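Visitor: One structure, as structure tokens, below. Some questions next.
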Amino acid sequence: MPVQGSQRRLLGSLNSTPTATPHLGLAANQTGARCLEVSVPDGLFLSLGLVSLVENVLVVTAIAKNRNLHSPMYCFICCLALSDLLVSGSNMLETAVTLLLEAGVLAARAAVVQQLDNVIDVITCSSMLSSLCFLGAIAVDRYISIFYALRYHSIVTLPRARRAVAAIWVASVLFSTLFIAYYDHAAVLLCLVIFFLAMLVLMAVLYVHMLARACQHAQGIARLHKRQRLAHQGFGLKGAATLTILLGIFFLCWGPFFLHLTLIVLCPQHPTCSCIFKNFNLFLALIICNAIIDPLIYAFRSQELRRTLKEVLLCSW
């Protein structure tokens, strides 16, 4: 994505000679001060992308194969996997092309590399936006299934889910194209940050409300069976821990990237901010880590999906 700190890796590889950098070391910022820079080796970057790619391909394949999984909830999970797949795949492609250019194996004119870089940036940005949207859509779907259980199947229908999916993809591609075209405008970066914060608040509010309802339900059962009071307390702690992990992973993996964008607007020339900008590739790696974790949280916990996945793997052998 063409923001300060990414250093336009594809274009930079045409005119610069790569130098060996430590995995973790001190680098000088613009004022000559020393700051911590975490370098992500290309091999690790590609490995993370490959793991994410395989995981999400398996999720998409399993959902597509099993008709029992053709429901609105799994439709959103499938699209989340597809978005994460594109995030990982586009970053892997950029890294691979960069390595080939640096090694002299691939020769290309600057104009061609520029166009390729723009295409990859649009794919990466649109898949990031759609991934965030589908995380929000999954939260809304689960909220409706709990608070409007009797009307769920009339509210969340497959045609409506498909229209929502289509709207998310179209909006993601459209806005990502605009963001890439006008990436040097502060308003564009602020829009991205506000969008991330909106998704974070939406997920936090919905999941906290769902946890509160679940605890109330468990408390009601405990009143009928006084001996189960300790079990109710254990349920509350387990639910709070699950919620903390879910939102914590989301914030940990996505937060640094959007902090990076925020600092570009607030303090582009400040020495401390310059140090943070140097870790842009680390922030991308964290997003890919989120693409690895998403299937574990949203997909592989389904017994039906795991059974289908096992059948797919056995048939492939």
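Keep in mind that glycine also has a Cβ here, set from the backbone N, Cα and C atoms.
Reproduced below are the annotations present in Swiss-Prot:
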- ASN29: N-linked glycosylation site (CARBOHYD)
- CYS315: S-palmitoyl cysteine (LIPID)
- 1-37: topological domain 'Extracellular' (TOPO_DOM)
- 64-72: topological domain 'Cytoplasmic' (TOPO_DOM)
- 94-118: topological domain 'Extracellular' (TOPO_DOM)
- 141-163: topological domain 'Cytoplasmic' (TOPO_DOM)
- 184-191: topological domain 'Extracellular' (TOPO_DOM)
- 212-240: topological domain 'Cytoplasmic' (TOPO_DOM)
- 267-279: topological domain 'Extracellular' (TOPO_DOM)
- 301-317: topological domain 'Cytoplasmic' (TOPO_DOM)
- 38-63: transmembrane segment (TRANSMEM)
- 73-93: transmembrane segment (TRANSMEM)
- 119-140: transmembrane segment (TRANSMEM)
- 164-183: transmembrane segment (TRANSMEM)
- 192-211: transmembrane segment (TRANSMEM)
- 241-266: transmembrane segment (TRANSMEM)
- 280-300: transmembrane segment (TRANSMEM)
Visitor: Mind tallying the topological domain 'Extracellular' (184-191) by DSSP state, helix then strand then coil?
Guide: 6 helix, 0 strand, 2 coil
Visitor: Indicate whether the residue listed as 'S-palmitoyl cysteine' is helix, strand or coil by DSSP.
Guide: helix
Visitor: Going along the chain, which residues at least six beyond the ends of the transmembrane segment (73-93) come within the CB cut-off of under 8 Å?
Guide: 45-46, 48-50, 52-53, 55-57, 59-60, 63-64, 120, 123-124, 126-128, 130-131, 134-135, 137-138, 141-142, 145, 156, 158, 161-162, 165, 168-169, 284, 287-288, 290-291, 294-295, 298-299, 302, 305
Visitor: Need one number: mean pLDDT over the topological domain 'Extracellular' (1-37).
Guide: 47
Visitor: List the helix, strand and coil residue totals of the topological domain 'Cytoplasmic' (64-72) as derived from DSSP.
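Guide: Looking at the topological domain 'Cytoplasmic' (64-72) with DSSP, the answer is 6 helix, 0 strand, 3 coil.
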Visitor: Enter the number of other CB atoms within 10 angstroms of the CB of the residue listed as 'S-palmitoyl cysteine'.
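Guide: For the residue listed as 'S-palmitoyl cysteine', the count of other Cβ atoms within 10 Å is 8.
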Visitor: Could you tell me what the rest of the chain brings near the transmembrane segment (280-300), counting residues at least six beyond its ends with Cβ under 8 Å?
Guide: 3, 5-7, 38-40, 44-45, 48-49, 51-52, 55-56, 58-59, 62, 77, 80-81, 84-85, 87-88, 91, 128, 131, 135, 138, 246, 249-250, 252-254, 256-257, 260, 306, 309
Visitor: Determine how many residues of the topological domain 'Extracellular' (267-279) DSSP places in helix, in strand and in coil.
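Guide: The counts are 7 helix, 0 strand, 6 coil.
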Visitor: State the non-local partners of the transmembrane segment (164-183) in its own chain: residues 6+ outside its ends, Cβ under 8 Å from one of its Cβ atoms.
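Guide: Residues 1-3, 75-76, 79, 118, 121-122, 125-130, 133-134, 137, 189, 191-192 contact the transmembrane segment (164-183) from elsewhere in the chain.
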Visitor: With a Cβ cut-off under 8 Å, give me the same-chain residues at least six positions beyond the ends of the topological domain 'Cytoplasmic' (64-72) that come close to it.
Guide: 78, 141, 156-158, 160-161, 302, 304-305, 308, 311-312
